[in-house]
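**Q** Dropping the structure in here first, questions after.
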Ligand code: PRX
């Protein structure tokens, strides 16, 4: 397999990276945040965050910035009251910006919609009225299973307006994944659409909902947006067309006011066990950090910038940096429905040129794909409006960073490599584009107001040049407030490893270089990072074992030049299923089975049928050894295996099959 430039050098560069790119004097002079912000935040963290919270409109001022007395359950801006949707929509209209474009929506087939803040206010109000008519009120849960349509944004904001929690389920997830999330949150309403355009074709979506709601007792209504106009089957007991219910509603809706700690949304993410975790975020603190980080990390100038975040609304990046951050800041942004190579590989750059995009935020996996397609493609477009480039989701290798800077950023646009998680709610570690001398591949510095440490197994801080585990040692406003319905799991997952010190353990390895800059080194737990998305090994293993032919499965993430990590599965077939059952057809069937159970994103890149799995004497699968096999490396130390001949058996009897796309 060909490797993009520099892929082999990542480690070397990491050890010796000396290139730095300070912002131009011009950029620095106009930047929203300056170096003093670090000092101010360090001098008085709470005062700093209070300043950031004053970016928002509060109906009632808070009387305490932070209450950490019930740690690890934080309360921020205690006693404050606000409406999140009012902050993202109405107040901009009231400030005279009703005519400013909120969303330039671009459909994959080339259709488009231009939605101003005044339009957004009308659409969100109508949607809120419709949801209220369907019985949705404060504290209720609404599942949103929509692709990148404006209605996804309207729905999320309508929930926020009503004090209902949204649970957005990525449109690429399967019926089964949707069902389990709807049931965990006990959602009352599901919002979906007939289908979406993907790679030039209408793809059905509603059929998954039909399948899921056969077994979701909490669901009272399914609201269906018409996007493709393709036929859908109709369940008259539940289904209603969006245009029939929403379009006839009043364009006025008075937002209620909610406590700063009122829940805003649940978003499911993978952990080390099979069951996804419903990460819970609340209102005032989340919106404060979303607005602050979006402003300073992207250096947003709301009256002149055009911002574009290419994430899907189904991931946290879509929540914080498509919906809440940009809209709280009154930004104009592009939302694009489709894939980057439809109808051609220059689609993103065509969109940048069409709208004059100035701030562009994407994932390293996408950048590596663009590298593969070649620099001559972006070179055909006018990208001169781009002035800040961002990346998120996984470490970016220095050569991809350099390519991004040179071929997309014209050799001048600062790059912000932003580290954060579903759980942190918003960006935590990132350069400030007008302050930091950027270093390719490093996320560099915690933002003003954020505190992190790199510690060893005992929780002792490592110094410059040292590596260890990344922890967050002080609470932050956007932090998760728990796991939906499972306080115990919340404590165990994030707070038990360094309970004595009271640190939040992020699950990532990190190191400081000699300059004190931070380098993220990937997950240290059994969570894979595929195209910037977290998928747990256990989840894929459970899906495999749920297939009739599989007795046992072990899954590892193996490094992959484009997707960061690729999923490699080792399966033992059930007695009698035998050798020939491990042929291409069976492997294809297993890959399809995983796609059905979880979603195409979790489809293993490779499935190897093996006679045995390497286990310790206590029965723990030694993934390290399987990773050696998956990455074609010499197999490491096997001395702790219960049966040391197992790796020989695996190597001898490997029956491999590669991905079919
Ligand atoms: O491992 C880190 C990686 O993505 C994980 C969080 O995944 P998720 O909750 O899905 O959120 C992704 C978008 C915020 C982290 O634990 N990660 C995210 N950003 C970076 C990163 N790793 C290195 N550098 C980054 N900039």
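Backbone N, Cα and C atoms are what each Cβ position is placed from, and that goes for glycine too.
Where the annotation comes from TrEMBL, it is an automatic prediction and has not been curated.
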**Q** Record says 198, 199, 200, 201, 317, 531 bind CoA. Source is TrEMBL. Which of 235, 252, 341 does it list for that same site?
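**A** That CoA site, as TrEMBL gives it, pairs 198, 199, 200, 201, 317, 531 with 341.
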**Q** Please pick, from 405, 491, 497, 534, the residue that TrEMBL records in the ATP site together with 393, 394, 395, 417, 418, 419, 420, 421, 422, 508, 523.
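**A** TrEMBL lists 393, 394, 395, 417, 418, 419, 420, 421, 422, 508, 523 binding ATP, and from 405, 491, 497, 534 it also lists 534.
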**Q** When the Cα-Cα distance from residue 420 (ATP binding site) is computed for each of the binding-site residues 199, 531, 545, 550, which gives the smallest value?
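**A** It is 531, whose Cα lies nearest.
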**Q** Checking the contact step here: among the binding-site residues 200, 341, 531, which have a Cα within 10 Å of the Cα of residue 393 (ATP binding site)?
**A** 531
**Q** Write out how many residues of the domain 'Acetyl-coenzyme A synthetase N-terminal' (35-88) are helix, how many strand and how many coil, based on DSSP.
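**A** Output for the domain 'Acetyl-coenzyme A synthetase N-terminal' (35-88) reads 22 helix, 11 strand, 21 coil.
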**Q** What does the DSSP secondary structure composition of the domain 'AMP-binding enzyme C-terminal' (539-620) look like, as residue counts for helix, strand and coil?
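**A** Once the DSSP states are binned, the domain 'AMP-binding enzyme C-terminal' (539-620) shows 27 helix, 27 strand, 28 coil.
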**Q** Taking the Cβ of residue 418 (ATP binding site) as reference, which residues of that chain separated by at least 6 in sequence fall under 8 Å from it?
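**A** Listed in sequence order, they are 297, 361, 390, 391, 392, 427, 429, 430, 443.
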**Q** Long-range same-chain neighbours of residue 341 (CoA binding site), Cβ under 8 Å, sequence gap at least 6?
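**A** The answer is 199, 347, 373.
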**Q** For residue 620 (N6-acetyllysine), what is the tally of other C-beta atoms lying within 10 angstroms of its C-beta?
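**A** Taking all protein chains shown, residue 620 (N6-acetyllysine) has 11 Cβ neighbours within 10 Å.
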**Q** Considering only the recorded positions 395, 422, 550, 620, which residue has the minimal Cα-Cα separation from residue 317 (CoA binding site)?
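**A** Checking each of 395, 422, 550, 620 against residue 317 (CoA binding site), the shortest Cα distance is to 422.
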**Q** Given the recorded positions 199, 201, 341, 395, 620, return the subset with CB under 6 A from an atom of ligand 1, ordered by sequence, or none if empty.
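**A** Cβ < 6 Å from ligand 1, in sequence order: 395.
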